[in-house]
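TrEMBL annotations:
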type     : residues  : note
TRANSMEM : B:12-30   : transmembrane segment
TRANSMEM : B:66-86   : transmembrane segment
TRANSMEM : B:98-116  : transmembrane segment
TRANSMEM : B:122-141 : transmembrane segment
TRANSMEM : B:153-172 : transmembrane segment
TRANSMEM : B:201-222 : transmembrane segment
TRANSMEM : B:242-271 : transmembrane segment
TRANSMEM : B:313-332 : transmembrane segment
Amino acid sequence: MLVSNNLNFSYSDQKVLKNINFKAERGDFISILGANGSGKTTFFQCMQGLLTPDAGKILLDGENIKKMTKKEIAQKIAVVPQESQNVFDYQVLDMVLMGINPWLAFSEEPGEKERQTAEDILAELEISDLKNKSFNKISGGERQLVLIARALMQKSSYLFLDEPNSHLDFKNTHLILKIMRELTAKGKTVLTALHDPNLAAQYSDRVIILKSGRIIAAGLVENVMTAENLSRAYEIEINKENSIFSLAFQKSRLLRQEA
Amino acid sequence: MRKITAAEKIFITGLLLIVLILISMMIGNYELSISDLVAISNNLLGRDYEILFNNPDWSVLYYIRLPRILTVVLVGAALSISGAAYQNIFRNPLVSPDILGVSAGAGLGVALGLLYSSGSILYVYLIAFITGTAAVALTYWLSKLTGGKNAMFMVLAGIVVSSLANALVSLLKYLADPMQNLPGIVFYLMGGFSRSGWQEFYLLLPVVIISLTVILFLRWQLNIFSLGEKEAAALGVDTEKIRMIVIVFSTIMVAAATAAAGQVSWIGLVIPHIARFIVGNKYKYYLPASALLGGLSLLLMDNLARTISGAEIPISIITALIGAPFFAYLLITKKESGWN
């Protein structure tokens, strides 16, 4: 379980996160929504232990994240960054192997066993053909898949994705989120920041909406995806003719009916 | 035809280095042939020390050429492996080991030492080592003061400290007696190995071996570091610790190298690129290849420095004359990413 209690964070004198209470349980798929500058990325970095909050506590499986080493955190949380090219290029297999690092001793290097695991993961994601290609030369969608393979190599129970689709096309966006959905079925906990409420409604179980560093709504998709919440979050007027969130509404209506 | 693997390329580089060391023993104003070398090694193996010690070939080889060659190899390896490690932790292919002010600082120490230490070369070494290390400590402290957590602040602080140290060197040059001291300072800083004897070699050896080993020890984590600090941290790399260790050991190694050989430019920037070009970026090969290639190419250049003309040419002239155009060549021909 990943919990934050009254989390507050500020850059110099600007408060970015205000009293964030959050809880993620095993198998959850949680989307964080919010306009640019609402604090999504900062929230992610606090939850990863990269930023130290001014006040409040973060508990990762019961342990205070502040007292954990980067290695201990990385054993539990894997981060899938936005895909980008590397300054120094590596082979895909080597990129995936880097995921095993939190489980290695200080100067230990991955061996044959780890190599086999990496190949298995690539096969599972159906990208074995990329194995020996250079990471910088494959497509953006393929790179994102490789980064997911690396996250799986980390054997962590939590997966963080900060706007995973920001450089992806329509097809790859849905592919990646579908894979995430399947992973939650296998017991992983997925936490992702998304720009598109429609996507969040399609794939996640729970949604958190941030506005100016505060949670303005949180809970199950069907309860949170309302015209009121979304128009408040994005400061867009929503009426019957305005269809930009129609997918989200449709999905939450469906879920309500089922309930 | 089968492709040569990276490990084989490293092995070949090692062999080439050994061959070049042997060739370097023979060339110079005092020529030694292969048969001279064979005669010397026969005497050594047969323990005919009487004959050996009366042989001028032996004196030239043992007291002049050998310590110089080995020092050159150490300095070359030290500069390139620091450059290679720095390029990974600063995630920038244009970084060289002097980016944090170590060689400017050590240069200041050389000038101070030559002016105020009554000429003992040991003092010059020691002062240069101390000021080189102190310059990097100052850079580190400055970058902490800015509150900046990213590497850019450190590089900027390094520029500040380097400029200060260089200004002080200029001041010392200005104050120095133009007949007595100035030429000594100028030539020392331009770099060269004509002073290198066994004493200098033994001072350098432990520093370089220890630092080199530590950096090679971290090669896997340095590999991950090159993805960027946040990504590396998310993969469980203790980025602050690794950066600190690399900076400390690279600093003492380059400070010692600068104390021994003056400011040798370009090696730390260009050689890691050639290493990447030959063996790729993979941790297993990139750092060892950088070290070997560094030794190999600096030795090649030092041979040029001492044979091109009757008088010896300062090494940094050669390294810049060869390094700069070669780097331009790499920039033009290497179209792959990593440069954007």
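Cβ atoms here come from the backbone N, Cα and C positions, even for glycine.
By the Cβ criterion (under 8 Å, sequence separation of 6 or more), the transmembrane segment (B:201-222) is not in contact with the transmembrane segment (B:12-30), since fewer than 3 such pairs are found. Within the chain carrying the transmembrane segment (B:12-30), a Cβ under 8 angstroms from the stretch's Cβ atoms is held by residues 4, 36-37, 56, 60-61, 65-66, 69, 73, 278, 289, 292-293, 295-296, 299-300, 302-303, 306-307, all 6 or more beyond its ends. At the 8 Å Cβ threshold, with sequence separation of at least 6, the transmembrane segment (B:153-172) lacks contact with the transmembrane segment (B:242-271), having fewer than 3 such pairs.
For the transmembrane segment (B:122-141), the list of distant contacts is 100-110, 112-114, 154, 157-158, 160-162, 165, 188, 199-200, 203, 247, 251-252, 254-256, 258-260: same-chain residues at least six beyond its ends, Cβ to Cβ under 8 Å. Tertiary proximity for the transmembrane segment (B:98-116) is limited to same-chain residues at least six positions away from its ends with a CB under 8 Å from its CB atoms, namely 86, 90, 123-136, 138-140, 154-155, 157-158, 161-163, 165-166, 168-169, 172-173, 175-176, 181, 184-185, 188-189, 247, 250-251, 254-255, 258-259, 262-263, 268.
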